[in-house]
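Undergrad: Let me begin by handing over the structure; questions about it come next.
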Amino acid sequence: MRTNPLTTVRNLGILAHVDAGKTTVTERILYLTGTTHKRGEVHDGTTVTDFDPQERDRGITIFAAAVSCAWAGHRINLIDTPGHVDFADEVERSLRVLDGAVAVFDAVAGVEPQSESVWRQADRHGVPRIAFVNKMDRAGADLDAAVASIRERLHPVPLVVQLPIGTEDGFTGVVDLPRMRALVWADGADAAEEGPVPGTLREEAARRRRVLEEAVAERHPGALEEFCDRETLTAATLTGALRDLTRTGDGVVVLCGSAYRNRGVEPLLDAVVAYLPSPLDVPPVRGTHDGAERERPADPAAPMAALAFKVNATPTGRLTYLRVYSGTIGKGDTVWDAGTRRTERIGRILRVRADRHDPLERAVAGDIVAVVGLKTARAGSTLCAPGAPLLLEPPGVAEPVVHVAVEARRSTETDRLAAALARLTEEDPSLALRTDPETAQTVLSGMGELHLEVAVERVRREYGLEVTVGRPGVAYRETVGEGVTGFVHRHVKQDGGAGQFAHIVLDVEPWEQDADGDGAGGGFVFRSTVVGGRVPQEYVRAVEAGCRDALAEGPLGGHPVTGLRVTLTDGRTHVKDSSDTAFRTAGRFGLRDALRASGMILLEPVVEVTVTVPEDGVGGVLGDLAARRGRVTGSDPRGGAVVVTATVPLAELFGYATRLRSRTQGRGTFTARPTGYAQAPAAVVR
């Protein structure tokens, strides 16, 4: 059983834009907690959490890695998540099982595009956060500017609890504002030396503590009462109020440091323990059974319920990562998969330390562990006690937007390639496989060019297969331009047996989701305005099913159709020959023909790119973006460089990283994030 009480457990993720220092923060946490005995470095390829060869080669996090460590009597289950937009689904699956998060920001760049994306993902899941402004030792580092960008672009209430001591390369420590004590790190030291606030900073520290007190009192009734009585807050009251505001999402505690130089990570760990919630501090997990909503408390004695959020299908077996929400799960237990409605048997239970594992006899509510022995569980599967079924909501999976054709170089290895790709899609639900009906090629789809590069490289490295990869393509969509009214379709079939008869009249019109949807091309709505029972309800449902069948391939290029509303306005039946099958067929072919008359529009995926380039390279970058049909939306000077933002069709970005390096002599970088779909020009349609 657990040695830590549930109140001392923290399940948290490290979130950030790529290169903000997430993995370095994680490595310092592991080192300071005694989990590792050497500081892992991203640039040396010696990190614990980025243990995959590609992660070490590329210097970025690709796969969410779970680690467990201890600090100040607390068990911390930590997940280091990817920062690149192509792996946003890894972040989504991780956030689904976390109780809190540390958002890491670059002290020079502040909020970056993927910072916004992961922050909003955390908002959707209601995950409380604290912020860590990293790289305070860099030239141009500015805590106040970083906090301002957090406030302006992410819209939380930042509650800054530290004052930096020194600037840029002279950054040596912080003033802890709640306790009004200085923490200073000597070069190479693992621990800080604590002392009084330096005389040169006392006035500024007092002013900032006053600002912090006022911000907290304004939002916390208990703190307000003490502040009105005493005109100040004790350290205990301030800490307690900060904890409450963090857990309710009414404030975000902000700390700062330099993880690379080991400065500021100890206070960050203290803040994780002090401010982020335990499994008991978050609402009980909710699920459904037989259509009724049920709750499960974070109680080891309650019926067991767990969610699988990650699968590693290694050549030696499957590792399934679980968040246990309630109850206890033991080695050898039989569990119920609520999705497949099958029983599975738990083999080994492992405490995870990235690529190393410690065996456990059991796991209890609040634990994040890996188990061996599950054969059918996937990311998003609910496992529960057989006698107390419960289905938890799985993490969402985004639709792939880029695809490549993949073939084995040797025809004798086609079956091995199919098995390898199937194993990859088993691990990563954001990858999809299909066979092109015209070419019979295997097509692998994913979230971006890098996502697919990583998948193909895994096939080569892990399975020893030589593969040929086609040019990337994007996932186009088709939508309705003008629409059509009163379109009549009649389905009649007489072949000697039972006849088929269905007569329908359809209106087809463009439709967009609300503001919180994805705008143009935002889905499909079906309705019926038939009166007088001219088409029975069961046939109406069949027409809707047929219409949904027709959406799979549009008339422009066989792309999925979206962004339309179809209304069944009239119809006729035959006393003998009408059936569900007849009306479903009429719906499918009727809508297919109606779309041909509806002035269809081709939609292409569009991304927002953020290019950081030296000032002398801006002209070339702007010209290149224009040639790629890009629309520049902003250009901001930043510390000797210029940050250019633009919206660009995804299809035009293939190979852009190489082109940018060439134009800027290797000094330019860019990131991209999906923003939806937009109408493609006539040249693309042709």
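Each residue, glycine too, has its Cβ placed from N, Cα and C.
For 16-23, 80-84, 134-137, the entry in Swiss-Prot reads GTP binding site, with the evidence type similarity to another entry. Positions annotated as domain 'tr-type G' by Swiss-Prot: 7-280.
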Undergrad: Within 10 angstroms of the C-beta of Thr81 (GTP binding site), what count of other C-beta atoms is obtained when all protein chains are considered?
TA: 28
Undergrad: Can you check what DSSP calls Ala16 (GTP binding site), collapsed to helix, strand or coil?
TA: strand
Undergrad: I'd like to know the mean pLDDT over the domain 'tr-type G' (7-280).
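TA: Its mean pLDDT is 88.
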Undergrad: Just to verify: the residue among Ala16, Asp19, Lys22, Met136 with the fewest other Cβ atoms within 10 Å, which of the binding-site residues is it?
TA: Asp19
